[in-house]
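Taken straight from Swiss-Prot:
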TOPO_DOM  23-576  topological domain 'Extracellular'
DISULFID  Cys57-Cys99  disulfide bond
BINDING   Ser151, Ala172, Ser173, Thr174, Tyr222, Asp301, Lys389  L-glutamate binding site
CARBOHYD  Asn209  N-linked glycosylation site
DISULFID  Cys240-Cys527  disulfide bond
CARBOHYD  Asn292  N-linked glycosylation site
DISULFID  Cys361-Cys373  disulfide bond
DISULFID  Cys412-Cys419  disulfide bond
CARBOHYD  Asn414  N-linked glycosylation site
CARBOHYD  Asn439  N-linked glycosylation site
DISULFID  Cys509-Cys528  disulfide bond
DISULFID  Cys513-Cys531  disulfide bond
DISULFID  Cys534-Cys546  disulfide bond
DISULFID  Cys549-Cys562  disulfide bond
TRANSMEM  577-599  transmembrane segment
TRANSMEM  614-634  transmembrane segment
TOPO_DOM  635-645  topological domain 'Extracellular'
TRANSMEM  646-664  transmembrane segment
TRANSMEM  689-709  transmembrane segment
TOPO_DOM  710-734  topological domain 'Extracellular'
TRANSMEM  735-756  transmembrane segment
TRANSMEM  770-792  transmembrane segment
TOPO_DOM  793-802  topological domain 'Extracellular'
TRANSMEM  803-828  transmembrane segment
Amino acid sequence: MKMLTRLQVLMLALFSKGFLVSLGDHNFMRREIKIEGDLVLGGLFPINEKGTGTEECGRINEDRGIQRLEAMLFAIDEINKDNYLLPGVKLGVHILDTCSRDTYALEQSLEFVRASLTKVDEAEYMCPDGSYAIQENIPLLIAGVIGGSYSSVSIQVANLLRLFQIPQISYASTSAKLSDKSRYDYFARTVPPDFYQAKAMAEILRYFNWTYVSTVASEGDYGETGIEAFEQEARLRNICIATAEKVGRSNIRKSYDSVIRELLQKPNARVVVLFMRSDDSRELIAAASRVNASFTWVASDGWGAQESIVKGSEHVAYGAITLELASHPVRQFDRYFQSLNPYNNHRNPWFRDFWEQKFQCSLQNKRNHRQICDKHLAIDSSNYEQESKIMFVVNAVYAMAHALHKMQRTLCPNTTKLCDAMKILDGKKLYKDYLLKINFTAPFNPNKGADSIVKFDTYGDGMGRYNVFNFQHIGGKYSYLKVGHWAETLYLDVDSIHWSRNSVPTSQCSDPCAPNEMKNMQPGDVCCWICIPCEPYEYLVDEFTCMDCGPGQWPTADLSGCYNLPEDYIRWEDAWAIGPVTIACLGFMCTCIVITVFIKHNNTPLVKASGRELCYILLFGVSLSYCMTFFFIAKPSPVICALRRLGLGTSFAICYSALLTKTNCIARIFDGVKNGAQRPKFISPSSQVFICLGLILVQIVMVSVWLILETPGTRRYTLPEKRETVILKCNVKDSSMLISLTYDVVLVILCTVYAFKTRKCPENFNEAKFIGFTMYTTCIIWLAFLPIFYVTSSDYRVQTTTMCISVSLSGFVVLGCLFAPKVHIVLFQPQKNVVTHRLHLNRFSVSGTATTYSQSSASTYVPTVCNGREVLDSTTSSL
C-alpha cells in the first residue's frame, strides 16, 4: 500500500509543478464550493475567463461560468429532494474554478485526488493507544467529477483522474480525442464529439455551394481537433481551404488583427469557418469590426448563440451561421436562477462578483467609481437568457446520480443508506458497469420522445444533434434565430436566413461555369478551375469532361446526354424539289406528246424514215431520265437507292445506245458508198434493235453486278463542318455513282465521234448533223455538271438539284434537237411528210425505214458531197 501511495504521488508530481507544496500548505487559499454529503461530486467550471499577462484569471464568465455552476447546484438540490433517486443518500459537491485554462484547471483538480491519497495513507498515522489520528481539513472523497467545459481542460483533468479511477462526465467538451478509450478510460460526456459538428458544418457549406473557405481555430484540443475533423469532411465534399489560421493562447489583440489581415488576403473566400473558444471568437469578431471586414461566419458551438460574443460588433456578425448542441431550456432552472441574489446565495463565493459585473455596481462601498447596488435589482427575463448547455450540465449530474443509484441498489440491496461496500467506491466498476449503461429520460424535458433519452455509446459519447442559428437584425434589435437542425441529415429553412448583403453570398475560388462549359482543374487544387466551352456537338459527362456525342447525334438542352438528330432530306414541298420536279414533269409531258404524235403518225414517210424502232427506244430512255428526278427527290430507302443506281446509268445507256446504233448505221452506209463495198450488214430495223438492246444489256449487267457487290441501303451522313445536320443518303459514294456512268460516257464519246464523221452527209441524211449537235450539247452539259457536282458536295440539296436538272436537260436536248423538227413537220408542215423522190446511190438506196439494194437507175440527180463522194439527192430530207 505504501509503495502504491508513493507511486501515485510520483505520478502526480509529473503532472503538476508545486503539487506537494500545495498539498501540505494549509494556508493555501482558493475559492471553492464545498457541500458535504454521503457521496460527493466534484465540479469544474470556467467561472472566470482567461486572464491576460501574468494574471491567471480574468473577468467573471456570466453564462458559461456562473450559470453552469448554479445548474449543477440546482441539479444536486433536486436529486437530494427526490424520493426515488438515491433515497436516503445525500449528495455533496466540491466545485472549483478552471479560469478557462487547462494548466490552471489541472492544478485545481489536484484537490479532488487529495482524499484518495489521504484515505490510503491514514493507516500510517496511529496514536500510541492504537487509535487512528484525527486529521484536520480532511478533503472530501470524490465519487465522480462533472466537467470540464473546454476540451483542453477535460483532457488534462482526465489524464489525472484516470490514475485514481475517478469517473468524469463533461457537459461541453467535444474534442474527438476524448473518444479514445485507451487513453481516457474514465471519461464520458453528455455531448457528442466534434466530428459530428464538423460534418454538419461541412454539409452547410456544401448546401450553399461554398467550396472555397478560410478557417480559424483556437489553439488547443477543441479548436485544433475540431478544425482537423472539419477539413477531413470538407475534402470529402470537394471544399477547399483558402487559408487556415490559428489563434494562440496569448489572447493579444494584435494576433487577432493579424488573422483578419490574412483572411482579407483571400478575397474569394467570403466564408470563414470558426472552430474557436468563446473568448477567442469574441476577440476575432472585435478585430473584424475594427477594420470593418465583412465575412460570412460559420461557427461551431464555441460561438453558439451567445450574445456576449457579438456584443459591440453586431454589424460584423450579422448573417453569421452558428451551431449549438440541440437542447431544450430547463424552465425550472430559470425560476431557480432568477430567484438568486447576493443576499440569499451564500454558498457561491463568486456570485457577488457576478452580480457587480452584471449590474455594473458595487455591493460594498463605492469601488472603481461604481455606485452602490440597488437592493431591488433582480435577474429577470429582461437581463437573463438561459445558457445553451444548462441541459447538458443537469443531464451530467443526473447521469452520475443514476449510476450511483444503480450501484447502491446492487451493492446495498437491503438499505437505502450507503453500506460498507460503498464506503470506498470502486471507480472502475462504477464507470464500466453502471455509468456507461445508464439510460433514462432527461429531467425537466417537456418532450418525451427519443430525443429526450440520455445515454452513452461505447465510447462514452452523447448523441449527435445540433441546432443551426442565424444572427439577424429584426425589429430594431439583433438576435439569434433557429433556422435549421442537424441529426445525421441537414435541414435548413433557407427563407428564414438573413444575409449581410441581402443575398446568398458566394465563396468560390472560381466562378461557376456556364451550362455549356467544363471545368479545367488547376494542378493540385480541386476548387480552382478555368471554364472551357464544350463544342456544340459535345455533352457534359461530368463537370470536368466534355464528350463528343458522335456523328448523327446532338447534345440535349441541358447537355446531360445526346439524342439522335432528325434525318434531313429533300422533301416534296421544298423549293429544291419543286423546281426539278416541275422541269421533269414538263419534260415527261413533252415526251408523251412526241410519243403520241409518233404513234399517231407511225406510218407516215417521215416517221418511217426516222427509224421508228430506235426512236421509240430513245423516247423510252428520255422518259426514264425524267423519271430519275422523282427517284432522286424521293426519301432515300433501299428500294429508292437501288432504283437510282439502276435507273440513272440505264436511262442514259438506252438513249445513247439508240443514238450510237443510228450514227453507226449511217456511218457504215456511207463508208460503204465511199469504198464501193457490198451492202453493209446489220442495217435492218431488227438488227439495229438487237444491237441497241445488246448495248443496253451491257449497262444492265454492270449495274446488277454493282448492286450485288454493294447492297443498296441508306446511311446517316454528317459533314464535319455541319455536325448539327444529319443527311439521309444512299450508302454509295458520289465517286461510285459517277464511275457507274463510265459506260455511258463511252457511249457518248462514240456517238460524238460518229456524229462528227457523218456531219457532211447529204441533206436527206442530215439527221446525223442533229445527232452531232445533240452530242455536242450533251458533252457541254455534263462537262459543266461534273465540277458543279463535286463543288457542291457539301450541300446535298444543291448537288441533288444539279443532278436532276442536268439529267432533265439531257432529255430536253434529245427532244429539242432530234424530235422537235420532226414533230413540227408532222403537225405544221404535213406537205413535206410525203414520198416524192427516191434516192439512187451507185449501189445502195434508202427508202422507207431502211436502205435497199439496186443495180442501176436512170433518174436524174442533184449532186452533193458526202465524205468527199458525190451522191444523188432524190428524196425529201430525212430529219
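Keep in mind that glycine also has a Cβ here, set from the backbone N, Cα and C atoms.
For Asn209 (N-linked glycosylation site), applying a Cβ distance below 8 Å and a minimum sequence separation of six or more within one chain yields Thr506, Gln508, Pro512. Cβ proximity to the L-glutamate site centre (mean Cβ of Ser151, Ala172, Ser173, Thr174, Tyr222, Asp301, Lys389, cutoff 8 Å) flags the following additional same-chain residues: Ser149, Tyr150, Ser170, Ser175, Val191, Asp194, Gly302.
Residues of the same chain lying 6 or more positions beyond the ends of the topological domain 'Extracellular' (793-802) and with a Cβ under 8 Å from any Cβ of it are 569-570, 574, 576, 579-580, 632-633, 717, 719, 721-722, 727, 729, 734, 785.
Cβ atoms under 8 Å from those of the transmembrane segment (614-634) belong to residues 570, 572, 577, 580-581, 583-585, 587-588, 591-592, 594-595, 598, 607, 640, 643-644, 647-648, 650-655, 657-659, 661-662, 688-689, 692, 800, 803-804, 807-808, 810-811, 814-815, 818-819 of the same chain, restricted to positions at least 6 beyond its ends.
When the alpha carbons of Asp301 (L-glutamate binding site) and Cys240 (disulfide bond) are compared, the span between them is 22 angstrom.
Ranking the disulfide-bonded residues Cys99, Cys546 by how many other Cβ atoms lie within 10 angstroms of each Cβ puts Cys546 at the bottom. The transmembrane segment (646-664) makes contact with the transmembrane segment (689-709): 3 or more of their CB pairs lie within 8 A, with pairs spaced 6 or more apart in sequence. Beyond the ends of the topological domain 'Extracellular' (635-645), by six or more residues, the same chain brings 569, 571, 628, 703, 706-707, 711-714, 728-732, 737, 740 to within a C-beta distance below 8 angstroms of the stretch. Sequence-distant neighbours of the topological domain 'Extracellular' (710-734) (same chain, 6+ residues past either end, Cβ-Cβ under 8 Å): 536-537, 551-552, 554, 564-569, 635-642, 644-645, 789-790, 793-794, 796, 799. For Cys509 (disulfide bond), the nearest of the binding-site residues Ala172, Ser173, Thr174, Lys389 in terms of C-alpha separation is Thr174. Proximity to Ser173 (L-glutamate binding site), judged by a C-alpha distance within 10 Å, picks out none of the disulfide-bonded residues Cys240, Cys361, Cys412, Cys528. A 10 Å cutoff on Cβ-Cβ distances gives Cys562 (disulfide bond) a total of 18 other Cβ atoms nearby, all chains included. Using CA atoms as reference points, the recorded positions Ala172, Tyr222, Cys549 were checked against Cys373 (disulfide bond), and the closest is Ala172. If you take the C-beta of Asn439 (N-linked glycosylation site) and look for same-chain residues 6 or more apart in sequence within under 8 angstroms, you find Ile453, Val454, Lys455.
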